[in-house]
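Asks: One structure follows; several queries about it will come next.
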Amino acid sequence: MQAEESLRILVGTEGDSFPLMEINAGEMMEDREKVFFGVRADSRIFDLYRTLLMEPEGPAARVQPARPAPIPATTRIRIVNFVLNSKTAAGDTLEDLVKDGVFETRFALHKGEDDLKKKWAQWRNMVNKQPIDDIRDYFGEKVALYFAWLGWYTYMLVPAAVAGLVIFLSGFSLFNASQISKEICEADDILLCPRGDHGRKYQRLSDTCVFAKLTHLFDNEGTVLFAIFMALWATVFLEIWKRQRARVVLHWDLYGWDEDQEEMALELINCPDYKLRPHQHSYLRSTAILTLCLLMICLMIGMAHVLVVYRVLAAALFNSALLFQEEQVTTAVVVTGALVHYVAILIMTKVNKRVALKLCDFEKPRTFSERESKFTVKFFTLQFFAHFSSLVYIAFILGRINGHPGKSVRLAGLWRLEECHLSGCMMDLFLQMAIIMGLKQTLSNCMEYLGPWLAHKCRLIRVKLGHASEDPELRDWRRNYLLNPVNTFSLFDEFMEMMIQYGFTTIFVAAFPLAPLLALFSNLVEIRLDAIKMVRLQRRLVPRKAKDIGTWLQVLETIGVLAVIANGMVIAFTSEFIPRMVYKYHYGPCRKGADPAVDCLTGYINHSLSVFHTKDFQDPIRIEGSENVTECRYRDYRNAQDYNLSEQFWVLLAIRLVFLILFEHVALCIKLIAAWFVPDVPQSVKNKVLEDKYRTLREKICSSRKSTDV
């Protein structure tokens with residue numbers, strides 16, 4: 001079944017047909033395989049639509065013209081699509097007929113898209129400005145706002161990417177000059193305690209020299225400033241986007257548009273006896289939904305624990321099978337763990353979508369827009385835990401509950417829990433972020449493009465092997481039919497993909513300052529990829545009217561707050577920033593005053609490593625090279641006598657907590673000040689709306705006076 005700019009209008013319930021509900025017979029065409037129905041609706045229904053809303057459709061329609069302006073194609077498709085989704089007199093919808101096999105599908109035709117193909121949907125236009133007004137005229141306001149937001153997000157990523165790159169490259173300037181790296185590279189006489197159960201041997205601290213230098217690239221003094229900068233950036237980005245949105249919707253004459261009014265108008269067009277559905281709230285239903293959501297969140301957290309078990313077992317397997325050298329086992333476990341996490345994300349995405357839909361159906365939202373909003377919140381919440389639960393484990397739990405040499409915590413009493421990388425847990429977090437984000441930006445984008453492209457090409461090949469129609473209109477209908485199908489989630493999935501990417505760009509960015517740069521390159525590709533999919537590879541999306549990006553704005557604001565908390569915790573508990581600063585001013589050679597001849601971090605490595613006496617190992621004979629070794633070192637703050645947590649540990653913990661509170665308060669205050677300093681709506685937009693209200697009131701007063709005089 002094919003739908004043009006206007007489609008058939010269905011009859012109301014109980015045989016009470018609306019006067020304008022006359023079926024305007026379209027065309028029926030068939031070839032050897034398919035029968036196509038082109039259905040049109042009576043044009044008078046669009047006049048009624050304009051009358052019910054009592055507002056102009058175009059940005060230039062401020063004054064009522066002598067002849068009404070033509071209804072845009074996007075509006076015609078939107079109205080008829082709503083009617084097709086409504087029930088017939090028999091109680092069926094078109095979707096029911098599709099399920100019963102009466103029709104195979106329905107779609108709106110791509111017509112007049114050549115201009116968009118040339119100016120927008122081409123890879124060579126990657127750095128060109130997007131024709132937002134043309135996108136709106138063809139796909140509707142909701143799609144146009146998505147691309148306007150994505151374009152602005154990409155533009156704003158430039159300063160964030162430059163700042164992150166500067167922080168990363170600044171580490172290169174200290175690559176060989178860092179006092180900590182020097183001490184590690186020269187520590188040939190310091191032996192680290194064995195980390196695994198198989199192939200146990202002591203390792204020289206100097207063997208970790210390269211990783212120590214690499215860690216300093218993203219774990220340096222600039223990390224704190226970059227985290228605060230990103231908190232400010234996220235706020236400024238959203239505030240300026242709100243201003244951009246206000247200008248765009250004013251230009252489209254949608255500033256005062258009401259979505260509820262639109263949906264009620266469409267209901268009344270389809271059925272004059274439509275009864276208004278009031279807002280309802282059930283505490284029982286909300287409690288049940290909250291309980292189910294918490295159960296799903298627990299499942300997501302359980303998936304993170306499964307990843308922990310995998311990493312523990314993988315470490316034991318890699319050691320026993322001799323697949324890697326002992327110093328490479330941790331890196332191999334981190335890399336394969338990230339791959340397993342990525343596969344788990346792909347699986348849980350499908351599960352989460354089904355669960356979120358079921359929860360929305362159970363909640364019984366009043367309108368489609370309300371259903372979409374509730375689904376957005378539920379699906380994003382589940383997706384957030386699916387994507388970030390393992391990162392939370394690595395950042396704040398990994399290596400912190402393992403005990404100490406000679407008395408290690410074991411999984412099921414058999415396998416030792418996984419340790420952080422020899423150069424610190426920041427390296428684990430950096431690798432996990434780099435692998436997951438890299439895969440999502442490369443592999444996912446490739447599949448997002450190649451999947452529809454290959455599916456479309458296969459359909460075209462099957463048609464060419466058959467026969468080609470001589471009728472140009474039928475050939476055009478078949479061309480549209482052979483494009484990839486779309487559904488209500490087509491645009492939603494694009495938004496969700498960008499929200500998760502935004503989360504990776506801001507949350508834990510202190511551990512991965514290159515995230516904004518990767519996101520920038522990815523978005524330059526994503527804009528054209530989505531454009532090519534929508535114009536060349538997919539059937540035409542049913543236009544949706546909108547004046548903002550809806551619930552996604554609240555999602556972005558929530559991510560901004562979570563980013564402040566997460567980055568503060570990463571700097572406080574995962575990074576070496578706090579221990580370095582405490583040693584520098586409390587324990588180091590500069591505690592009584594700076595000495596130009598001595599680096600203030602001299603002796604930090606020896607201070608940060610605890611001592612373990614090899615005689616306290618349960619089975620010291622099995623350790624390779626243990627004959628002449630009386631003590632080894634490990635990363636922790638414990639006493640050398642009883643291995644209890646030392647005074648330095650508690651001092652550090654107190655300072656970490658104080659720093660976390662100060663960092664979050666300072667960052668949140670900066671966000672609030674920035675939000676106050678940058679108004680959501682430009683003064684020019686406010687003044688324009690004020691002038692329109694003033695002119696309307698003057699016209700009403702003048703017309704009222706004339707009526708009184710008569």
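Every residue gets a Cβ built from N, Cα and C, even glycine.
Checked TrEMBL, it gives:
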- 72-132: domain 'Anoctamin dimerisation' (DOMAIN)
- 135-689: domain 'Anoctamin transmembrane' (DOMAIN)
- 143-169: transmembrane segment (TRANSMEM)
- 223-241: transmembrane segment (TRANSMEM)
- 287-309: transmembrane segment (TRANSMEM)
- 329-348: transmembrane segment (TRANSMEM)
- 379-401: transmembrane segment (TRANSMEM)
- 499-529: transmembrane segment (TRANSMEM)
- 549-573: transmembrane segment (TRANSMEM)
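Help me understand the surroundings of these features in the structure.
Replies: Note: the domain 'Anoctamin dimerisation' (72-132) comprises 28 helix, 1 strand, 32 coil (DSSP; helix = H, G, I, strand = E, B).
Within the chain, the transmembrane segment (329-348) has long-range Cβ neighbours (under 8 A, six or more residues past its boundaries) at 195-196, 300, 303, 306-307, 310-311, 314-315, 318-319, 323, 382, 386-387, 390, 418-419, 421-422, 428, 431-432, 435-436, 439-440.
If you look at the transmembrane segment (379-401), the same-chain residues 6 or more away from its ends with a CB under 8 A from one of its CBs are 293, 296-297, 300-301, 303-304, 307-308, 337, 341, 344-345, 348-349, 352-353, 355-356, 409, 417-420, 425, 428-429, 432-433, 436, 496, 499-500, 503-504, 507-508, 511, 555, 566, 569-570, 573-574, 635.
Within the chain, the transmembrane segment (499-529) has long-range Cβ neighbours (under 8 A, six or more residues past its boundaries) at 121-123, 125-127, 130, 147, 150-151, 153-154, 157-158, 160-161, 163-165, 167-168, 218-219, 223-224, 226-227, 230, 234, 380, 383-384, 387-388, 391, 395, 426, 429-430, 433-434, 436-438, 440-441, 445, 448-449, 552, 555-556, 559-560, 562-563, 566-567, 570-571, 574-575.
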Asks: In terms of Cβ proximity under 8 Å, which residues at least six beyond the ends of the transmembrane segment (223-241) contact it?
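Replies: Distal contacts: 149, 152-153, 156, 159-160, 163-164, 167, 506, 509-510, 513, 516, 553, 556-557, 559-560, 563-564, 567-568, 570-571, 575, 577, 663, 666-668, 670-671, 674-675, 678-680.
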